[in-house]
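Reading through the structure tokens given below for one structure.
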Amino acid sequence: MEVDPQLRILLKPILEWLDDPRTEEVAINRPGEAFVRQAGAFLKFPLPVSYDDLEDIAILAGALRKQDVGPRNPLCATELPDGERLQICLPPTVPSGTVSLTIRRPSSRVSSLKEVSSRYDAPRWNQWKERKKRHDQHDEAILRYYDNGDLEAFLHACVVGRLTMLLCGPTGSGKTTMSKTLINAIPPQERLITIEDTLELVIPHENHVRLLYSKNGAGLGAVTAEHLLQASLRMRPDRILLGEIRDDAAWAYLSEVVSGHPGSISTIHGANPVQGFKKLFSLVKSSAQGASLEDRTLIDMLATAVDVIVPFRAHGDIYEVGEIWLAADARRRGETIGDLLNQQ
């Protein structure tokens, strides 16, 4: 692989991290700062690089794999000269003036099987039969908040417990306002990736990346919500937050949670949990991927993807939270989320 000397010069400010065997990831979300993951946690550091430097790194790194990176091709998964995996996101998939570079450093050492017990924490490796008991215990914990009637404590437990939440209601009902409140309750050390078609969410967390997709796949560098989801999975997120669910974003929403990233907070139009879930089912079913699935299969997938549906409506300048559907409550009543399709 022929490497442009300029690329190595541009990478010099981050080489001390890439050369450190403790480093797992280097996340550059915008000019001037980097988040370095070591020992399972990200730490923030100043980084003396400009927007132009980051853009040049992206273009030159893409060229290593003969990929043309720029406004018309703003997403790229490639490698750096020494084998580190790199996910590139340029405008217009990120806000103007920012560049997202996520560098995953490969392990320099291959351990033997004899070292597995010392390198991996696996206290439950042979306890598959206990999964239902643990699931029931998790349900009991959230149901205590639900049954006690303390709405603030319940919502906080949903957020920190990484339940996947769907907020539904008509336009102007307060669902987007509540989504901002709930996002603010996410532990501040988490790395968040948002996927939106317009910048509506407010993200107070330092380590975050705002990804933007084009409505109906139009515009320069047209990418879909699903394209951004695939990119975000290579960016070491703690949570992926999809804004409003509509059109092709519905399949991305389902794929996100099924891929092992619970704790999303998203909004959808629908007057109540029944209508909100029917809308989600219809949108997923209307996607190219969802159309090929049997209804039963799709319902089973959605059952694993949605933990809470919170409805909203407005009375003048007063917002009202309606009857919340909770998967744990449905399970103790012997119901599933699929039963919502048969309700009015």
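Glycine too: its Cβ is placed from the backbone N, Cα and C atoms.
Pulled from Swiss-Prot:
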- GLY169, PRO170, THR171, GLY172, SER173, GLY174, LYS175, THR176: ATP binding site (BINDING)
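Look at LYS175 (ATP binding site): DSSP puts it in a helix.
Of all the binding-site residues listed here (THR171, SER173, THR176), it is THR171 whose C-beta has the fewest other C-beta atoms within 10 angstroms. Counting every protein chain shown, 27 other Cβ atoms lie within 10 Å of the Cβ of GLY169 (ATP binding site). There are 14 other Cβ atoms within 10 Å of the Cβ belonging to PRO170 (ATP binding site).
Of the listed binding-site residues, namely GLY172, GLY174, the sparsest Cβ surroundings within 10 Å are found at GLY172.
Taking a C-beta cut-off of under 8 angstroms and a sequence separation of 6 or more, LYS175 (ATP binding site) has the following same-chain neighbours: LEU167, CYS168, GLY169, THR267, VAL310, PHE312.
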